[in-house]
Amino acid sequence: MIVNIYTLIMLFVAFLSLFLGGFLFYAALKMFLGSEPMIPLETKDKFEQRGYLVFLVACVMLSVRMLAWPWFYFMLQSFVSEVPGAMCMFGVTQILPSMVTFLQIIKPISFFMMGGWLLCYYLDKSIPTTPLVRKNVLLLLIVCSILLADSIADIYYVLRMKPLMSVSCCATFFDVPLRPSAMIPQAIFGRHFQKILFIVYYLTNIILIALLWIPLSKKWLSLAPLYKKIILYGQAVIGVINIPVVIYAFIENIAPRLMQLPYHHCIYCFMGNGMVPDAPIMLGLFAIGTFAIGWIGILRLFCMVTETQIVTERLLVKVHSLSAFCLLASIMMVTIHLILT
């Protein structure tokens, strides 16, 4: 185990999350099994009072736990000087690679699910009758399951992390001709994939931002239900397509240009080596903007009932604005950097 301030804080948060997550899972499961789809009025107050503490603990813990995702990369960066041969975070990821891969997958999933639950809970508490309390308990069970897996993985990784082997440089993976980030776009766009990928990056983001702005306009209310569905499904589809487009565009086009290293495609160097200090902000804005599209889907799926429709529509406007702003800010930061470099 490598002992520094980053690992100690990560362990503290992980153990706390494991303890509170276990309590929340048990309490939420007990509440869900002890409730009925239609809670009688005479028992509803008792049910809500019992759940108040559970939801309060969940809000505090999930809000703190959401910071574990960026903190994980701060911790990896702190390991670079401890791992022989490591020049950036990529070298660190070669120790316990399966666990690092699992953590890099589950942490954004955890962030997304926790954000979705917090929005649903905020919406439910804004209605005096709290009509979504049972759905929130069910969603909390799912979130707690993911949270427990994430916390256990954090503890296992930090305790087992021992730099006993020398690792290879990131160039041996990111800068070889047969790297995955080049082969996949090349198979789709052909030999000159980098130029086409750069155009597609701007095109998909601009279309997505435009689709996100439509529900914010006054004409949205007058649109036919069919057109509304087309726009909402379009947001979801293009939002999913935009994820690999942005990832490959950053690796193949944006990161090398902004680092002023035209043949170096390491995304970890881009994030953590300080050559582009605001690189984590660009990527973070993209992540939040993309997650917000998913949160829109969660709100429409779980929260669009008769009692909450008006409040849900208001919250959806805010989430649409958040998504559009974050995506626009991300591509604006990229564009300004490209102009200045």
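In case you wondered, yes, glycine gets a Cβ from its N, Cα and C as well.
Just so you know, TrEMBL annotations never went through curation; they're auto-generated.
Residues annotated as transmembrane segment in TrEMBL: 6-29, 50-72, 105-124, 136-159, 199-218, 230-251, 281-303, 315-340.
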Touch test for the transmembrane segment (6-29) and the transmembrane segment (136-159), at least 3 Cβ pairs under 8 Å: yes
Contact set, same chain, for the transmembrane segment (50-72): CB under 8 Å, 6 or more residues outside the stretch: 6, 9-10, 13-14, 16-17, 20-21, 23-24, 27-28, 31, 103-104, 107-108, 110-111, 114-115, 117-118, 121, 133, 136-137, 140, 143, 147, 150, 154, 280, 284
